[in-house]
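The signal peptide annotation in Swiss-Prot covers 1-23. Summarising the annotation, Swiss-Prot assigns N-linked glycosylation site to ASN72, ASN290, ASN313 and lists sequence analysis as the type of evidence.
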Amino acid sequence: MKVTIVELVVWLFSVNFFVVVAEESRWTLVDDHYGKNLHESVCYLRCLSNALNKLYSEGERRLFVNEEVYANASRILDDMEGKTGESTTYLSVVSSEMGGENNKLEKLISYGNAMGDLVAKVGGLFAEVNESVRAVREEIPSALIRANKYYTAIAEITRTVWDDVNRPLQQDKATCGDQKVTGVGELKTECGAHTCPLSDGVNESALQKYKGGCLEINVMSGSVSECFNLPRNKLYRSVALSSSHGFLKWYQDEAKRFQLGLRVKNIFGPLIASFGVGQPPSVLAEMINNITSLQSRFNEVHSNFTSILLADNLTADVDNTDSTI
């Protein structure tokens, strides 16, 4: 997934608001009450970034499959309509030339009708594909951009929190001016199942597992490294606030406190709806299989139609119609 400008529905609260204990919180709360710490915060954040990545991948695949099936179905329908039109034109020209050969003429008419029926069936399926790709083109590209921005923002926050978790357990030096916030490799913290309500699926039902539709992280006992929090504060203010169009607020008055709130339902709800438009890949696969099957039957009928024409040595009349039959 490509990194783009951060746009995240995140808000951060003042210190006084966060003195409320976990039992009184209106949202899913991860704090340092009763010995909790940043390790669990990383797990909750990583769950969100993984879920966004999964949504992005599935949305990208839905868009690609819709476009691919549309292109194939359109090509097949155009070919069938072209051959049917040529056959109809030729039939009207040669019917008078066949004289009393009513049996062959009836067969040609029957084959022509069969081709028309098959074209109509493929046309009906194509109309469904067309409606699906129209909806997908309208919704999914912009949803992919939003998902990528949210993913980028949450992944960056996760990375900077992980800097704290990974640091040596020792007091920070008094001077932190040269401290840099950098990546530290793979997360080695073990995460309990309760830290990822979205692990079994990113859907409305899973979002209900977040109390109040939100996640709040509140670490105030000094577990946060001042040396990491100062550049993090600068990073969020210079990058996130300048490009988030008001969706991100950061109030960081204490260098050793980490306070973060995410409107999980507001982030994922619209994305789930947008990525749910159009037909899913499994349905599209069945539709293109049906279209291909109808095309095979059409080709058989068309072959029978042309065989009668060639057997009666009427190719000269075909040339006169400028047909490619």
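Placed from the backbone N, Cα and C atoms, the Cβ positions cover glycine too.
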| Listed in sequence order, residues with CB under 8 A of ASN290 (N-linked glycosylation site) and six or more positions away | LEU125
| request: Using DSSP with the three-state reduction, classify ASN290 (N-linked glycosylation site) as helix, strand or coil. | output: helix
| field | Chain-internal residues, separated by at least six, CB under 8 A from ASN72 (N-linked glycosylation site) | value | ILE288, ILE291
